[in-house]
Amino acid sequence: MNQSTTSEVKEESKEEEKKSGGSIFDVFRYKEIKEKDIEDFIEELRYQLLESDVSFEVTEKILEDLKENIIGKKVRRSEDLERIVKDSLKKSITEIITKNKPMNVLEEIKKSTKPYIIIFFGINGVGKTTTIAKFAYMLKKNGLSCIISASDTFRAAAQEQLEIHARNLEIPLIKGKYGGDPASVAYDAIRAAKSRGIDVVLIDTAGRMHTDTDLVNELKRVVNITRPNLKILVLDSLGGNDALEQAKYFENNVGFDLVILTKVDADVKGGVILSLAYELNKPVGYLGVGQTYDDLIPFNAEWFIQRLFS
Ligand SMILES: Nc1nc2c(ncn2[C@@H]2O[C@H](COP(=O)(O)OP(=O)(O)OP(=O)(O)O)[C@@H](O)[C@H]2O)c(=O)[nH]1
């Protein structure tokens, strides 16, 4: 086999690996990395990070850190370089995601006056309703009582969907009229929580896009009236970098404290977590990892790094 045919085979293997979503470090399987090759490797890494939904800005920051750590270093064997690269990436990523530690919500609830009010919002179909049910289940498991406010009075069947979850979980639910005022439903839920000594009020809201100016104004009104202790933005990890755009939009219009990233069980790397931390200083508190009530897990930086490079 001549030289050019060998390199064509290597290129094909790399293409195959990219298609099958190989690891960032697979590049070492194809060639010994020498200092002069580092630009090629950086290119490969850039591709892998962008493919994992890490935003352009964060990708560049991570690669700049890496170049600083590598250039000028004497690397004798490819294993040494691999170790340096891994250490540098882990350090940059850990710094970014541990900068804004998510609060311990359960602890916050326990030390606050009752009822602790949490509002959930996000665009249509990201998994708000399911997430609220999972959240309610988590509260119940931790000995905290809650009531759900079905304040999505906009989408037909949204209240019924929530009602099924509430019945399954044996949790009280306050509904309103279809097309009615979502703030007044939430207000009723808060009043009920106060009179019954319930720990937490979970407010569901209608899904809204940035084009829905009326719905966004309505969300601001619900927030103003209910004065929640915690505003949770629900994002769909399948949305990739679009999720970052949604987060910027909600941050500029309503503000939020915490993100819950859903559908992480669908094979996504979740690079948007890095972008949220780096560009918006916002922590991801929980991840949705399936469709059952138990499928809500607290975010863990170590787990995320493993996943990003697996
Ligand atoms: N695989 C998986 N599916 C999820 C997860 N969270 C939600 N879903 C599914 O996503 C779909 C939409 O979820 P909903 O909870 O109805 O979404 P929503 O944001 O309330 O929808 P709207 O009320 O239309 O805005 C449902 O089929 C859920 O079962 C998750 O973590 N993993």
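Cβ atoms here come from the backbone N, Cα and C positions, even for glycine.
Summarising the annotation, TrEMBL assigns region 'Disordered' to 1-21.
The compositional bias 'Basic and acidic residues' annotation in TrEMBL covers 8-20.
Residues annotated as GTP binding site in TrEMBL: 122-129, 204-208, 262-265. Summarising the environment of LYS128 (GTP binding site), the number of other Cβ atoms within 10 Å of its Cβ, over all protein chains shown, is 26. In this structure, LYS128 (GTP binding site) is part of a helix by DSSP.
Under the heading domain 'SRP54-type proteins GTP-binding', TrEMBL lists 283-296. The average per-residue pLDDT of the prediction over the domain 'SRP54-type proteins GTP-binding' (283-296) is 94, rounded to a whole number.
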Residues among the binding-site residues GLY125, LYS128, THR205, ARG208 that border ligand 1 - Cβ under 6 angstroms, in sequence order: GLY125, LYS128
Binding-site residues listed as GLY122, GLY125, least Cβ neighbours within 10 Å: GLY125
For THR205 (GTP binding site), the number of other Cβ atoms found within 10 Å of its own Cβ: 27
The domain 'SRP54-type proteins GTP-binding' (283-296) - residue tally per DSSP class, helix then strand then coil: 0 helix, 6 strand, 8 coil
